[in-house]
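Trainee: Okay, here's the structure, questions in a sec.
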């Protein structure tokens with residue numbers, strides 16, 4: 001039995017009706033304390049429980065070494081509060097953000113909901129973050145970097161769409177020396193008009209501005225929505241080639257509701273008592289988790305085939321099991337990210353997936369990892 005999945009999760013979210021965002025922030029505060037105090041005993045215990053290292057899992061991409069292909073997706077640790085802890089939880093890389101040039105509070109609460117019938121979540125966070133300068137300072141203080149760190153960039157809510165390039169550029173200028181790769185997020189459904197920036201004529205000036213500034217040739221990717229039509233994806237792939245992008249992150253959350261079992265969004269209320277509900281069709285926000293799995297894999301496969309496998313893909317969306325992970329890798333993903341599945345399954349999900357992937361992987365002759373007993377803090381990406 002999975003104690004977290006089968007006991008703790010139902011108690012928190014179904015029984016006590018805890019606010020998912022409050023639970024997440026409580027966990028982040030705890031991880032931040034571990035990070036800030038360098039609680040070596042706790043970090044060592046986490047490593048023993050959740051780290052699984054095997055040379056067959058290593059991935060070499062963009063001049064970086066990923067100890068394994070499983071990363072934490074953007075949105076969980078937006079401000080890099082626990083950068084020193086994620087390696088001890090087994091992740092092969094972490095993506096922070098979405099970051100905007102200035103701090104912003106995001107959308108009104110409540111803005112994060114669990115949909116257990118669908119093993120999904122609905123969020124309308126709205127890029128709440130402490131701003132690029134705060135993240136830059138945190139990254140400068142980071143003493144060790146055992147796994148690559150990606151930075152997800154976004155537009156502020158108050159910035160007009162026609163000035164979006166300036167926002168992405170401002171954050172990139174502050175952070176370009178501190179991130180290992182960068183992701184242009186133009187696909188969140190929770191910032192008004194943002195998805196329109198996926199159109200070629202709107203995306204082109206953003207990519208042009210960033211690549212002109214990108215003198216150190218940091219890997220630059222675009223994160224796309226699962227709801228795009230194939231011709232729209234083709235246009236983005238043409239831009240990716242024209243602007244020498246390093247890859248695509250596929251995909252963000254979906255606006256579709258037609259395949260959900262959940263009909264009403266759970267309301268807040270007294271624990272273990274009936275609560276008010278609201279029709280989910282009337283609720284704004286993007287859906288992540290299991291309902292996204294099939295479509296995100298379709299998009300990965302389409303990109304892989306359209307580019308003859310020449311454009312690396314970070315696959316994200318609906319990964320809960322080894323079969324889910326293998327499906328995306330076989331579709332053409334080079335790396336994987338998890339978020340909602342990790343929230344549902346718990347921290348034991350990472351080593352479980354990695355063990356399965358190692359059994360399914362051929363040897364990786366071009367990458368050598370440190371011995372299995374090397375402390376994670378001594379591994380340099």
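Heads up, the Cβ atoms here are built off N, Cα and C, so glycines get one too.
Taken from Swiss-Prot, the feature active site, nucleophile applies to 188. Here Swiss-Prot flags 74, 75, 76, 77, 78, 98, 152, 185, 223, 251, 289, 318, 339, 340 as FMN binding site. Under the heading substrate binding site, Swiss-Prot lists 78, 123, 124, 125, 126, 127, 185, 190, 252, 253. Among the features that Swiss-Prot reports, region 'Disordered' is placed at 359-381.
Looking at the shown structure, what environment does each listed feature sit in?
Mentor: The secondary structure of residue 188 (active site, nucleophile), as reduced to three states from DSSP, is coil rather than helix or strand.
Within 10 Å of the C-beta atom of residue 339 (FMN binding site) sit 21 other C-beta atoms, taking all shown protein chains into account.
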Trainee: Does residue 289 (FMN binding site) have same-chain partners at least 6 apart in sequence with Cβ under 8 Å from its own Cβ, and which are they?
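Mentor: Listed in sequence order, they are 115, 118, 119, 120, 121, 318, 340, 341, 344.
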Trainee: Give me the count of other Cβ atoms within 10 A of the Cβ belonging to residue 223 (FMN binding site).
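Mentor: Excluding its own Cβ, residue 223 (FMN binding site) sees 26 Cβ atoms within 10 Å.
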Trainee: Enumerate same-chain residues with a sequence separation of six or more from residue 188 (active site, nucleophile) and a Cβ-Cβ distance below 8 A; give 'none' if the list is empty.
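Mentor: Expected: 98, 127, 154, 194, 195, 252, 253, 286.
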Trainee: Which one is it: of the binding-site residues 74, 223, 339, whose Cα lies the shortest distance from the Cα of residue 185 (substrate binding site)?
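Mentor: Of the binding-site residues 74, 223, 339, 223 has its Cα closest to that of residue 185 (substrate binding site).
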Trainee: Roughly how wide, in whole Å, is the group 78, 123, 124, 125, 126, 127, 185, 190, 252, 253 that binds substrate, by largest Cα to Cα distance?
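Mentor: Overall maximum Cα spacing for these binding residues reaches 16 Å.
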Trainee: What number of additional C-beta atoms lies within 10 angstroms of the C-beta atom of residue 74 (FMN binding site)?
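Mentor: For residue 74 (FMN binding site), the 10 Å Cβ neighbour count is 27.
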Trainee: Please list, in sequence order, the residues in the chain of residue 152 (FMN binding site) that are at least six apart in sequence and whose C-beta is under 8 Å away from its C-beta.
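Mentor: 74, 75, 95, 96, 97, 98, 99, 182, 183, 185, 223 - these are the non-local Cβ neighbours of residue 152 (FMN binding site), listed in sequence order.
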